[in-house]
Structures are given as structure tokens and as C-alpha cells.
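Peer 1: Straight from TrEMBL, here's the annotation block:
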type     : residues : note
TRANSMEM : 26-47    : transmembrane segment
TRANSMEM : 53-79    : transmembrane segment
TRANSMEM : 99-121   : transmembrane segment
TRANSMEM : 127-145  : transmembrane segment
TRANSMEM : 157-179  : transmembrane segment
TRANSMEM : 185-205  : transmembrane segment
TRANSMEM : 302-324  : transmembrane segment
TRANSMEM : 336-356  : transmembrane segment
TRANSMEM : 368-389  : transmembrane segment
TRANSMEM : 395-414  : transmembrane segment
TRANSMEM : 449-465  : transmembrane segment
Amino acid sequence: MDAEVTLGDVDLTTVKTRSLTGVVTLISRSFILQIIATGGFFLLSVFLGRPEIGLFIAVNDLVSILGYFSDIGLAASLIQKKDKVTLSDLRTTFTFQQILVLLLLLFTITISPWLFNYYQITNGGTWLFYSLLIAFFLASLKTIPSVVLERQLRFEILASVEVIETLVFYTIAVILAWQGRGVASYAWAVLFRGIIGTGLIYYLAPWKIGLELSKTSLKTLLSFGLPYQINSLMAVVKDRFLNIFLWKIIGADGVGIIGWAQTWSQKPLRFIMDNVTKVTFPAYSRLQHDPQELKKAIEKTLFFISLITFPIVALLATLAPLAVKIIPRYSKWETALIPLALYCFNSALAAISTPLTNTLNAIGKVKINTYLMIMWTALAWLLTPALALKFGYLGVAYATAIIALSSVVPVIIVKRYVDFSLKDSFLKPAVATVIMLSVSIFISNLFINIVISVSTFAIAIYILTGKELVSDFRRFYNVLVKKT
């Protein structure tokens with residue numbers, strides 16, 4: 001790598017080409033990753049018990065918190081920096097981050113006996129904990145090569161590394177789980193993923209590693225990095241810290257039940273919504289000065305996401321009781337069926353609220369999203385522990401469904417800025433989904449149910465939308481292509 005890395009060294013045509021290629025690459029990568037992750041998680045939930053999966057989720061959340069404090073926004077600062085990024089900047093970031101990482105590791109290892117005693121972690125759990133700490137250290141080594149690749153818009157390399165890491169993780173985890181290695185399956189999978197991923201990214205994006213602490217570089221980078229990282233604090237408090245708190249209340253088994261329900265309910269969002277959001281953010285940003293076009297784009301985005309997400313999460317909730325009976329070793333998840341239904345309800349509403357919060361960011365109303373995050377964090381901490389103490393793992397699911405009702409708030413707020421139509425966005429798919437459910441709940445055969453339910457939804461949505469359905473897809477595609 002050269003001593004200086006800057007987007008200014010890349011001509012405008014190359015930037016446009018790589019940006020468009022990056023969008024396609026990210027979407028393709030996400031699709032491949034989700035296929036691997038979905039298949040892998042299904043097999044792991046067959047071979048492993050609820051407490052084992054719950055232990056991995058809980059310990060992984062515990063170690064993931066370290067990642068927030070190990071970066072303090074320096075990587076993001078390097079990526080957004082308009083001026084040239086020098087080798088001194090890279091080495092300063094690397095050195096400062098490694099100091100933080102080593103201090104965090106030392107602190108965590110020191111308090112680990114207390115953690116093991118408090119959460120009653122034994123045997124395989126302790127090995128998993130230490131393997132995740134090693135993986136955390138390896139992940140910190142990947143920061144600079146990843147920054148260099150993002151500065152150069154080489155998303156295809158980043159995507160390739162991530163796909164290989166995911167494939168390695170699930171292949172090793174599934175094979176070891178099948179052999180009866182229990183939670184150690186996760187431990188070895190995490191280690192191999194970290195080693196292979198780190199080695200691969202250094203091979204594909206080498207840089208001149210060195211230690212340096214430049215006060216000038218550090219001051220410049222922290223001026224952006226610290227505020228950026230503080231904005232991420234709410235998400236960490238809302239999710240990671242809350243999960244660690246709940247671990248003590250509902251135990252590893254309860255965490256496993258909730259984790260299983262949450263993972264399956266969010267699959268449609270990961271497949272569909274995440275990819276659409278990546279494309280619509282730049283499109284909305286460019287449409288903000290054209291209210292009519294922005295209105296149409298929001299309506300079509302919500303329609304497209306809800307058209308696919310609503311029926312899938314609805315079928316997940318209604319067909320899961322039939323599906324868990326097909327595979328004998330999957331019957332252990334029957335206790336997770338009610339949480340699954342409630343989390344599916346949450347995912348359906350998230351399919352509406354998430355694109356709308358993305359809209360607020362795109363039109364420059366970032367502070368409103370901060371207030372929304374504060375609201376959701378407060379609701380999560382007020383409702384979830386209280387209901388968990390009273391109803392156990394079911395209380396966590398109840399709280400999630402109740403909080404999901406607050407998704408109406410982003411709808412009200414965005415309509416103040418862009419008067420989009422509810423009927424033309426998500427109401428028609430919602431009605432078609434209700435019609436489908438009214439038929440699906442009476443059919444006991446899984447495969448017949450799927451065929452009839454999908455057919456019912458297709459007929460219902462066509463009756464509600466008419467021939468506009470095909471033209472809607474065409475117009476949505478044309479708007480995105482034209483504006484991005």
C-alpha cells in the first residue's frame with residue numbers, strides 16, 4: 001500500500017463505477033450470507049440444545065460490547081476523512097486501537113472469574129468465552145485493511161472475505177455440533193473464522209504495519225470519531241446491555257428460546273429490507289428536494305418491502321407449529337412458538353418503521369432519529385426486565401410486541417414532512433396477508449398450507465392492486481436506477 005490513501009486519487013468515473021458495483025456486490029453478498037446463515041442456524045438448532053444456543057448468544061453479546069469501546073469511532077473517521085489518509089494516520093489508529101484492545105482484554109480476563117460465577121458459566125462456556133476474546137483481538141487487527149478497502153471502494157474484496165468467514169464459521173460449527181461437541185462447536189468455529197478472515201484480508205489488502213502515536217492525527221480523527229461513536233451508544237445500551245441483563249433473569253435456556261424466535265422472525269428483514277435500505281438511502285437523499293418524487297419512492301419502497309415481508313412473517317408464525325413436528329429433534333423448540341409469533345409481529349412493524357427512520361436520515365432529520373432511539377431504549381429498559389421477571393422468557397416477547405406498537409410514531413412523523421399514502425404503501429399487503437391468514441389457520445398439512453396460502457395471497461393482492469402491481473415494480477426500479 002502506498003504511503004497515502006485517498007479517494008482523490010480515484011477519478012470520478014471510477015468512483016461512480018465502483019459505487020454502483022459496490023451496491024450490487026453488497027446486495028449479492030447479503031443474499032449469499034443469509035442463505036449460508038439460515039441453513040447453518042437451522043442445522044445448529046437441530047443438533048444443539050436451547051441452553052447451548054442461548055449460552056453462545058449471551059456470551060457473544062457480552063464480548064461484542066468490547067468492540068464498541070475498542071474503536072471509539074476512529075475507523076469511521078478514517079473512512080469519511082476528505083483529506084489524504086497518511087500512513088501516520090493508519091499507524092496512529094492501529095496503535096491507539098491496540099492499546100485499547102489490550103487494556104479491555106486485561107480488564108475482562110481479570111473479572112472473568114466473577115463473570116463465570118455470576119452467570120454460572122462452566123466448562124465449555126469458559127472455553128467459548130476465551131475463544132471469543134481471541135476472536136475479538138483478531139477482529140481488531142482487521143480494522144486498517146478494511147478501512148483501506150472502503151476508502152478505495154473495493155467492496156467486492158470485503159464481501160468475499162465476509163462470505164468466506166461466514167462459510168467457515170457455519171461449516172465448522174455444524175460439523176462439530178453434529179458430532180456432539182456442544183457449545184465447543186461455537187468456540188472452534190469462532191477461532192477458525194477469526195484466523196482465516198484476518199489472514200485473508202491481510203493477504204488481499206496488505207499494509208505497512210507499524211506503531212506510532214501522532215498527536216495531530218489522533219486529535220483530528222477523534223474530533224469526528226468520538227461524536228460518531230456516542231451516537232451508537234444508544235443501540236448498544238438498548239440491545240447488548242439489555243441482553244446481558246436479561247441473561248441473569250431468564251437464564252441461558254430462556255436466551256436460547258428468545259434468540260431462536262428472534263433469529264427466524266428477522267430472516268425476511270435481513271433478506272429483503274436491509275438490501276432495499278442500502279439502495280434507497282442515497283436515492284431518498286437526492287429526491288429530498290422533489291417532494292412528489294420522494295412521496296412516490298417512499299410508497300413504492302414500503303409497498304415492495306411489506307409485499308414480501310408481511311406474508312412471510314405471517315406464514316412463519318402460523319406454519320411453525322406444523323414445521324417443528326416434522327423433524328423429531330426440532331420438537332424442543334415448541335416452547336418458542338409463542339415468542340416466534342410475537343417477534344414476527346415485531347418484524348412486520350419493523351418493515352414499516354425502519355425504512356421511515358432511514359427516510360428521516362436521508363432528508364437530514366438525524367436528531368429526530370436520536371429522539372426515537374431514546375424512546376425505544378427507554379421503553380425496552382422499562383418494559384422488558386419488568387415483564388421478564390413476571391413471565392420469564394415469554395415476558396421478553398410480550399415486551400417486544402408492545403414496543404413494536406410504537407412503530408406508529410415514525411409513520412406520524414414522516415407524514416409531516418412527506419404526505420405519503422398509507423393505502424398505496426403498506427395497507428394493501430396488510431389486508432392481503434390477513435385474508436391469507438384466515439385461510440391458512442384451517443389447513444393442517446404443511447405443504448398444502450404453503451401452496452394454498454401463497455396462492456390466496458397472490459390472488460388477494462392482485463385483486464387489491466390490479467395491473468398496477470407489475471407497473472409498480474417497474475416504476476420502483478426505474479426511480480432507483482434514475483436517481484442513483
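Backbone N, Cα and C atoms are what each Cβ position is placed from, and that goes for glycine too.
TrEMBL does not curate its annotations; it predicts them automatically.
Worth saying up front: this structure is predicted, and the values here are computed from it rather than measured.
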Peer 1: Should the transmembrane segment (395-414) and the transmembrane segment (336-356) be scored as in contact, given a threshold of at least 3 Cβ pairs under 8 Å and pairs 6 or more apart?
Peer 2: yes
Peer 1: Counting only pairs 6 or more apart in sequence, are there at least 3 Cβ pairs under 8 Å between the transmembrane segment (127-145) and the transmembrane segment (185-205)?
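Peer 2: Contact confirmed: at least 3 Cβ pairs fall under 8 Å.
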Peer 1: Going through 157-179, 302-324, 449-465 one by one, which has the most CB pairs that fall under 8 Å from the transmembrane segment (336-356)?
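Peer 2: Ranked by Cβ pairs under 8 Å, first place goes to 302-324.
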